[in-house]
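Asker: Sharing a structure, written as structure tokens. Questions coming.
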Amino acid sequence: MCDNHFYSGTSLLSRFLPFLRIFCLISLPLCVAEHANLPRNMIENSMFEEEPDVVDLAKDSTAFPTFPALDPDEVAYEPRSSRLLVRGLGENDMDEDEEDCESSARLLGMSFMNRSSAHRSSSSPYARQAPPRSCSRPSARTMVVCVLFLVIVASMTMVLYFLPGCTFTKAGCRKPNKTTPIQPVYPNSTNGELFPWAELRLPYSIHPISYDLTLNPDLDDTTFTGQTVINMTVLHNTNRIVLHGANLNITKATFKLDDGEAKEVTVLEYKPRQQLAVKFSEDLKAGQYCVLTLDYSANLSHTYDGFYNSSYTDKDGNKRVLAATQFEPLYARKAFPCFDEPSFKATFLIKINRKQGYMTLSNMPKAKSTPLPNGLVQDEFEKTSVKMSTYLVAFIVSNFTPISRNISNTLVSVYSVPEKKEHTDYALDTASKLLEFYNSFFEIEYPLKKLDLVAIPDFLAGAMENWGLITFRETTLLVGKESSQLEKQVVASVIAHELAHQWFGNLVTMRWWNDLWLNEGFATYMQYMSLQTVLPQLDTVSPHICLIYFPLHIFKMVKVVCFSMCSCSTVIHVCLQGNLFLSVRFRAMDKDALNSSHAVSTEVNTSEQVEEMFDSVSYEKGASILLMLNTSLPGDQQFRKGIIEYLKQFSGANTDTNDLWNSLTEVEVSTHHQNVSEMMNSWTSQKGFPLVTVSRNGDEVNFTQEHFLLTSENATHSSSLWNIPVTYVNDSCSLAPECRQVFNLKTKSGTLKIPESVKWLKLNYRNTGFYIVHYGNEGWTALIDALSKNVSVLTHEDRASLVHNIFALSRFGRVSFQQVLNLLNYIPGETESAPVTEALLQLNRIYRLLDKRQESGLVARMKSYILSHFGSLMKSQTWGEEKSVSKQELRSALLGMACSLKEENCTQQAKLLFKQYVDSNGTSRIPGDLQHVVFSVAAQSDEGWTTLLNMHAHATYDAEKRKMLQALASTEDTRRLVWVLKTSLKGDIIQTQELPLVISTVCNGFAGYLFAWDFIQENWDRLIEKFPVGSFAIQTIIKSATSQFSTQAHLNQVCFFFF
């Protein structure tokens, strides 16, 4: 599945929440992660943006050069709402010597899943709440009381747990018993009878073979009825069948064993785990065949999961209704009773009864349509030719229209609402090319007869890889004829990701959600690799045509864009990377550096934890370590041959991480045998990544590794070690792939011999490794000196990685901010987009944080610094159409920063473009990569905001409409911000699916971030009704708000609300 974009993990804390609540009441500060090593939280804490250390900036203000005197208005700039936000909390002004804290995101290690409305204030939705009592360091007396309390609780628990011979049952422990096994405590079902199962995961005694589904949706009443016939085999003797069902009213149930007669049975339900069960007086025997038939009724879901209703307004202003599905990860059970776990694969025969005038789609081609006596039409689809996990089942009832093309014996179609059919051509072309590529690359043909890509007007995720019926947001599938290359890049990336899932995830599926990365990490990796081959014009790389002969007949000969120093022998693991993937790896490291992160493969024991796995660790980190593995394997084709072996060996089956490593190890393409599992287990079984520190003494270079973990003290207490393939180049040879050398660092430290004539080393060649490097003062000085003399002495990926690493080390406390600025002195001579955009992103974080803290002096100095160092690059940008993706990316970042800093030339040009656009009724086009900048400037005026709102209401092209919405949410008018927030939640004018984007945009501005936080608190119950707890949407909402905080008072507020 592709999340927007993309993409927290297991919250062990939730298991001990009652104890922690008591503990927080005794000593509230101890609920803060800087005082307690808490596990990763329920939401995407790993997605919280880390802010640079403001204290360091304030203390190190001499790092800024002396600037000319600033205009007083510039220094005193203050949004109209700032009078409400003085020092962040109104009347509770902070003393000058009050302890500064880093972003709450770094400090928080808490679970949000159990927040109840009882904890919330009943005051006005947008009035700031009085902060709780300060969370300063507790007194010695309080600490003693807390420690004693915890010791007593722990002691009681241990005594009870280790009582010899105690059998824990519902009746308690009455007497020692050394022979009777422990009996589980069964919960009560809805009818009061004991439910015969007490675990989250289903028993494996029964396995489904096939499903026969008949569905009768009523789109007018938003209800549906259904019948599910499940054919099963008994694997082990059992007296129960346990499966899933959620919000289904079972009206009739029959059971048939082997050739016997069908008999009615009672279905028990345990709602907390969404489980159904049938109990039997006698055991079902292993090897028997049985059939369970369930009739039921339900409401169409009003959220974005299960079988949900949706609507859109057509070109004539008429409301059109439809129904669609989103079953991943745990929502097939809301549409039909099933064994809703990835390992319970089966075949499906689906029938849907519909009104005339509608059409239906499902995973397989339609077999026939039959008129029914009640005037409906029954569409029956072919039985699936492959076994599928339930989360991949899909069906749609709508009036969409397609365009189609036959590719390699597969009918590829793109569906949309009728009035947007003209926007589907690009998606069809892209999907066709990618399908051919994957068929050849994996040496396994796509197994189904058809492949549908469907744009759904109201869809929460970015896309969903349902086998044969991939569903998308309109913004991730539809592209206008005049769309920019950057917009096409987004669409192509999502299509590439979802098509890769047809092999990784659908054909071979992870056994359980703890190994979700096997699906998502691979799909993310393949999306970048495939685009560099199939659509090289979309990636941001230095153009140099290189004819590549792909082995095993992927193509007889393919022209691809390679880096200027790329040799034709380095086919995949060097040439097939771009700036897009580079930036993704940087952001993945930022998130994985937090204490709230988790291992790539980690324990998952609750439904909330399943949702949380859809994060940057499973997606981007998973892809990043696959890139590192590919580049470190000795043979050019070992990685590809290994994954082909993996796909063929486990086709139609379920796997875990070790299965992948074994497949890659067994494929030997060189005399150098490498145990992949030995190397990669350190990257998948523990959270985080290493910091490699380099020190040199003559011809001896020493490498040491430690866990790069951002905590409040920036102190590393972890004993984690990684098997690191450290790559490096030096001043004598630093660009071509042949210059790359490798040192395997498996222990805490290692030593390397180099010629004394070597002036400098650059580690992590082209940033293909998932680690950060600290070169020490001498090493950084040498690299900075080399760049100041010749920007091109390093590849642009290496230059970008230096920028990213030094900012990370500044947050980590290993380098001063002066060293950061010393490195950035080379930037005015930079011409590539990756280093510039990375530097701008990092500086913008600091600027926004200082602005929200109202550090007006530092804000003014930072603004002056940015404009002085990047001003020449900003002024050199054009405002017309630009075909180069790299140049579009560069100017979008530069002009976006310039206009956000209210640089006059930028804002005037943006206003002019907007006026021309409005006066021409849209015929005077704004380049797609500049629309966000232009619309955001326009939205700062009353007239511009009103005009944009009207344009948003009538816009038909979704990517443009979304940029208008972001601009509307960027206003500094707080009344309008409140309106946008409320309207997005209501969902009439602004679709609720866009609420995470709206909140994220509002939080970025000075005027809105506290309003957004109040909005979240007051509407928490409604938010978790709309979006599942743990989902990416909830992760984004919480991250967007809390990542803007940097004071102890704000941290106290967050801790108080969620605990």
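From the backbone N, Cα and C atoms, a Cβ is placed for every residue, glycine too.
Pasting the feature list from TrEMBL:
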- 1-33: signal peptide (SIGNAL)
- 143-163: transmembrane segment (TRANSMEM)
- 207-392: domain 'Aminopeptidase N-like N-terminal' (DOMAIN)
- 426-683: domain 'Peptidase M1 membrane alanine aminopeptidase' (DOMAIN)
- H497, H501, E520: Zn(2+) binding site (BINDING)
- E498: active site, proton acceptor (ACT_SITE)
- Y619: site 'Transition state stabilizer' (SITE)
- 760-1057: domain 'ERAP1-like C-terminal' (DOMAIN)
Asker: Within the domain 'Aminopeptidase N-like N-terminal' (207-392) only, compute the mean pLDDT.
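Answerer: PLDDT averaged over the stretch: 96.
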Asker: Between H497 (Zn(2+) binding site) and Y619 (site 'Transition state stabilizer'), how many Å separate their Cα atoms?
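Answerer: Taking the Cα atoms only, H497 (Zn(2+) binding site) lies 11 Å from Y619 (site 'Transition state stabilizer').
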Asker: Ranked by the number of other Cβ atoms within 10 Å of their own Cβ, which of the recorded positions E498, E520 ranks first?
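Answerer: Neighbour-count leader: E520.
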Asker: What whole-number Å value do you get for the CA-CA distance of Y619 (site 'Transition state stabilizer') and E520 (Zn(2+) binding site)?
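Answerer: The separation of the Cα atoms works out to 5 Å.
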Asker: Counting only residues 6+ apart in the same chain, whose Cβ is under 8 Å from the Cβ of H501 (Zn(2+) binding site)?
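Answerer: Those within reach of H501 (Zn(2+) binding site), by Cβ under 8 Å and sequence separation of 6 or more, are M1, E465, N519, A523.
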Asker: Let's check the environment of H497 (Zn(2+) binding site): how many other CB atoms sit within 10 Å of its CB?
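Answerer: That number is 30.
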Asker: Run through the Cβ atoms and count how many others sit within 10 Å of the one on Y619 (site 'Transition state stabilizer').
Answerer: 28
